[in-house]
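Beneath this line is the structure, given in structure tokens, with notes to follow.
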There are 2 protein chains.
Amino acid sequence: MSKKLFQIGAIASVMLTAGWVWADSAAGDEPIQPIAPYKLTQPAKAELGKKLWFDPRLSRSGFISCNSCHNLSMGGSDNLKTSIGHNWQKGPINSPTVLNSSLNLAQFWDGRAKNLQEQAGGPIANPGEMASTHTLAVDVLQSIPQYRQEFARVYGSDKIDINRITDAIAVFEETLVTPNSRFDKWLKGDKKVLTAQELAGYQLFKNSGCVACHNGPAVGGASFQKMGLVTPYKTDNPAIGRAAVTGKDADRFNFKVPTLRNVELTYPYFHDGAAATLSEAVDTMGKLQLGKQFTRSENANIVAFLKTLTGDQPKIDMPILPPSADNTPRPHPFD
Amino acid sequence: MSKKLFQIGAIASVMLTAGWVWADSAAGDEPIQPIAPYKLTQPAKAELGKKLWFDPRLSRSGFISCNSCHNLSMGGSDNLKTSIGHNWQKGPINSPTVLNSSLNLAQFWDGRAKNLQEQAGGPIANPGEMASTHTLAVDVLQSIPQYRQEFARVYGSDKIDINRITDAIAVFEETLVTPNSRFDKWLKGDKKVLTAQELAGYQLFKNSGCVACHNGPAVGGASFQKMGLVTPYKTDNPAIGRAAVTGKDADRFNFKVPTLRNVELTYPYFHDGAAATLSEAVDTMGKLQLGKQFTRSENANIVAFLKTLTGDQPKIDMPILPPSADNTPRPHPFD
């Protein structure tokens, strides 16, 4: 009990530090900041990364690409409770959106990858996901003349290794930001863009303490927090969160706070995907994290606000992948 | 034996009827015609069809879309011997390319669907593929307000049924043609666009009789022919081809002649996907269909010609799919 109180205390002090004004605040004082559009500085590398992002030959089966579980048609997620991996294995955790993931303090729910490049190597070699190996992925790409040319153009030599592969993927992922949400327009001064209900939802979102964790440009992604702060979270998902990385018991059930950008598109919610709808997620978060039971209309207001966080989705021209060569290692979907 | 001779005779008469000149022919006399660019007449319907094409909610799992097995980044195919279906089931047959499929005389390898619309309903409800039902697919889409609006815009009312779903998908698929291949440029008079090797390959392709089946704008797709005409084809794939549709023993192993457009991208080849490379496919076709053993350099020349059939790939802006509503039936990937 004392621990819980301490954690609630910690949130309160964060709030004070940030100096939020709880009503009629000027946009500059808001705990959420607009997302800046991405400035493309390495177009050739991003284009190569896009090809790799969509290339299922990075998986053992030749069927699963990065986009399979972080689908850019569906908010950068797969809209499944937990993902489907090689041989239809049931994934252990909900697939987080790739959109705005460059704004996260670390990658994966438990933050075990310090950045996007480190993250990108994980699923390729994870036997439950793409089930390839870094060696095989390199061999596949190295055998394809067009890829060798493209790596040479981007990196100055046609050597392909896992560092270059994941670097290119990460640079592509950095382009996947979603500016110009209606809420961002409001933040920037267009005060008519939100409805009264959406604004009421935002006020409640601030006043109830949601912003303690869901703040900054990504409206989350900036800290690890305990799932089940006030009331323990009940789940049969075995993930223990940050403790798996730090080994510290205090980090049990600490998960990276998910971004709420585009949250309308990234259902179902929580690390176990247990909340099917935004309404359910808001209700559960209120009870478990804040000790609050939102009324039906409060819930609806917050949901209305959350839907204003849907930004411009990245415009993706599907890449045409270079064909395999005669000596390219073939996929093994069934053996 | 007499039957085989008859079939070869039939091919010869087709050749004569077409009136081909075997050397120095003017482009107008060629057995292959250029592909015309698609003229978009129903943009709203094609756009709706594109959304449905990419929407994995048409599958029971929420994971498999049309594009999973007819990937527009990979020549409209999945580059697997046979496809992966719901619950990682091994598909019975190689996934044919969707590119230029509107030019086929019928759909599926055995032609059991008379057109693209009829085809589109198949995989959705096939327990080994997308494993949904037409009723469930309709219920899912009907529950999503943005889809209802879009159907209303396109069809004049927001009623969603399987006919409208497959009609929109078919109209999208009709847009997927690939004009402007180097070979088409040559056909249209740019005589410098092909190398001497590619031209030699084309002459051999004509003179050897490949064009008997692979002709017309799609370089195939216009007839059913026996796989293993001169020498029986050995495979452990149980598909019996056209006979499964007609019930006639004479149609055993008659398959729709696949288009050779973009064949560089649509490996592996044949209905069982047994030929991993173009070189292998050409060698097998020569032996089994024509009773010919191409030399190594003849084979290389034909392969060089075939690679000139890669046309402009459709430019696809990935659609942003409308999110599920609270009452949308959820996917069932694991049960």
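Start at 1 and count along the chain as shown; that gives each residue its number.
Note: Cβ is positioned from N, Cα and C throughout, glycine not excepted.
As the structure is a computational prediction, the values presented were derived from the model and not from experiment.
Annotated signal peptide per TrEMBL: A:1-23, in sequence order.
Under 8 Å, Cβ to Cβ, and six or more positions away along its own chain, A:CYS66 (heme c 1 binding site) finds A:LEU52, A:TRP53, A:PHE54, A:LEU58, A:VAL98, A:ALA120, A:PRO123, A:ILE169. Under the three-state DSSP scheme, A:CYS66 (heme c 1 binding site) falls in the helix class. The heme c 1 binding site annotation in TrEMBL covers A:CYS66, A:CYS69, A:HIS70, A:HIS86.
According to TrEMBL, the domain 'Cytochrome c' annotation covers A:196-310. For the domain 'Cytochrome c' (A:196-310), DSSP puts the residue distribution at 49 helix, 9 strand, 57 coil.
Summarising the annotation, TrEMBL assigns heme c 2 binding site to A:CYS210, A:CYS213, A:HIS214, A:MET285.
The annotation region 'Disordered' is assigned in TrEMBL to A:316-335. Same-chain residues lying 6+ beyond the ends of the region 'Disordered' (A:316-335) with a Cβ under 8 Å from its Cβ atoms: 47, 50-51, 54-57, 59-63, 72, 136, 139-140, 143-147, 150.
Among the binding-site residues listed here, namely A:CYS210, A:CYS213, A:HIS214, A:MET285, A:HIS214 has its C-alpha nearest to that of A:HIS70 (heme c 1 binding site).
The CA atom of A:HIS86 (heme c 1 binding site) is located 33 Å away from the CA atom of A:MET285 (heme c 2 binding site).
Taking the C-alpha positions, the distance from A:CYS213 (heme c 2 binding site) to A:CYS69 (heme c 1 binding site) comes to 25 Å.
For the region 'Disordered' (A:316-335), the number of residues in each DSSP class (helix H, G, I; strand E, B; coil) is 0 helix, 1 strand, 19 coil.
Comparing Cβ neighbour counts within 10 Å across the binding-site residues A:HIS70, A:HIS86, A:HIS214, the minimum falls on A:HIS86. A 10 Å cutoff on Cβ-Cβ distances gives A:CYS69 (heme c 1 binding site) a total of 24 other Cβ atoms nearby, all chains included. Long-range neighbours of A:MET285 (heme c 2 binding site) (same chain, six or more residues apart, CB within less than 8 Å of its CB): A:CYS210. A:HIS86 (heme c 1 binding site) falls within a helical segment according to DSSP.
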